[in-house]
Every structure is written in C-alpha cells, then in structure tokens.
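Student: Below are the structure tokens for one structure; questions will follow.
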Amino acid sequence: MMIAGIDEAGKGPVIGPMCIGGVKIDESKAHILKVLGVADSKKLTPKKREQLASQIKKHADGYFIFEVSPSQIDELRKIMSMNEIMVVCFAKVLEQLKPDIVYADAADVKAERFAENLLRQYAKTSPDHAKKIKVVSMHQADAIYPVVSAASIIAKVRRDELIEELKREWCIDFGSGYPSDPKTRGFLLKWGKEHGGDFPDIVRQSWQTVENIREELKKS
C-alpha cells in the first residue's frame, strides 16, 4: 500500500514563494523515514534538513514539490481565501503522487473540513482515484506522521533554496521573508520609501504587512 504525506513551507511569509511538498512511500518501508531521523522541519537545522531531503528523495517511491510565486498567490487571493488556495495546491501534489492513503497537514481550523475539501478538489481532476483514496488531515501532522515530516522537509529545503536565489538575484539580504522578522520589515520599509510605496514581484502585495507599511509611508 502506498502512503503519502503533504505539507507546505512558506504559507505566511510576505516575501518569496510558497512550496507544497509531497512524499510517497510504500507502507512496508515507511519505517525507513523514522530510521533516518525525519522530524518536524522547523525543529531541524538547515544543514540537517538538506541532508535529510537528499535521503528522503533517495528512499521515496515518489515526491513532488509544487511552487507558487508571490504574484500567483496575489492573483488567487482575489478570488479565494488562503485556505482555499491551500486546498487547490495540495490537490495539485496529490495528482502527481496518487497514493492509497494521504496524510495532509490541515491548513484549516477544522481538520476534517480540510480533508473533505481536499478530496472534493482532487475528484475534479482524478474522479476515479478519488473514490478509492483515503484522505487523513490533522493539525501538526508533521509532528505525528513521519511521511508528512518528510514532505515538510523537502518543501522547506526547496523554499530556502529559492529564497537564497532571490537574495543573490536582487543583491539584498531581506531576512527570512516573514513579517515578524525585523530584517524583512526593515527591507520593506526602506524599499517602500525609495519606490513610492511600490514593491517588487518577490513581495506578496496582498499581505496586510504591505498594506500597513503603505499606510505608514503615507503618514510620514
């Protein structure tokens, strides 16, 4: 029986893409993930995540990372909520893996609702398989199911790679990209002042952080 885990990295940042990772592995060898020391990606150092990502890809029966750019997120937010965006993105990963059982980290306050919505979305493109697949969604699934931890790790490593690429491309260290990061906020304030409140396409324009900074700049 094939099981899969799906998780995201970068849902909350104001800068950079979001990555949704999926890992598929035969249930009979899923214990390998525990042996590797797979754990919640947030609790691992970047170096350890990179090492594990390489091992995960080697042992997995399939994996896929779906990348969503800041501008794509902004466009989607015009017609749907962030929770709905997560459902669509998770379904994209599911389409690539087609396991017998999928464990998904719930991107909704109601985990069961997220599972139902994910299955409904998946059925739009894979109606036959949607009748057979079992969808399990839980909060903090990455801390419960090693296969979800594995998905979280490959997603986080890929997002970190993309963030470093952006820093090199723009020759700017904007920090982690999270609104709570002083370096990120400092970059946004400085850029906003220098460019009349306009921001580059690496920034999620629909984020409240950006709106707040624009309001601050108007007052000053």
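Note that the numbers count up from 1, one per residue, in the order the chain is shown.
A Cβ is built for glycine as well, from the same backbone N, Cα and C atoms used for every other residue.
Sharing the feature lines straight out of Swiss-Prot:
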BINDING   ASP7, GLU8, ASP105  divalent metal cation binding site
DOMAIN    1-219  domain 'RNase H type-2'
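What's the neighbourhood like for these features in this structure?
Tutor: Annotation note: ASP105 (divalent metal cation binding site) sits in a strand segment as assigned by DSSP.
Here the domain 'RNase H type-2' (1-219) returns a mean pLDDT of 96 for the predicted model.
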Student: Does DSSP put GLU8 (divalent metal cation binding site) in a helix, in a strand, or in coil?
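Tutor: Once the DSSP labels are grouped into three classes, GLU8 (divalent metal cation binding site) ends up as strand.
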Student: Within 10 Å of the Cβ of ASP105 (divalent metal cation binding site), how many other Cβ atoms can you find? Include all protein chains, please.
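Tutor: Cβ-Cβ neighbours of ASP105 (divalent metal cation binding site) within 10 Å number 26.
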Student: Out of these binding-site residues, ASP7, GLU8, which one has the fewest other C-beta atoms within 10 Å of its own C-beta?
Tutor: GLU8
Student: Cβ within 8 angstroms of the Cβ centroid of ASP7, GLU8, ASP105: which residues besides those meet this for the divalent metal cation site?
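Tutor: Nearby residues not in the site list: ILE6, ALA9, ILE20, GLY21, PHE90, ALA104, ALA107, ALA141, ASP142, VAL148, ALA151, SER152, ALA155.
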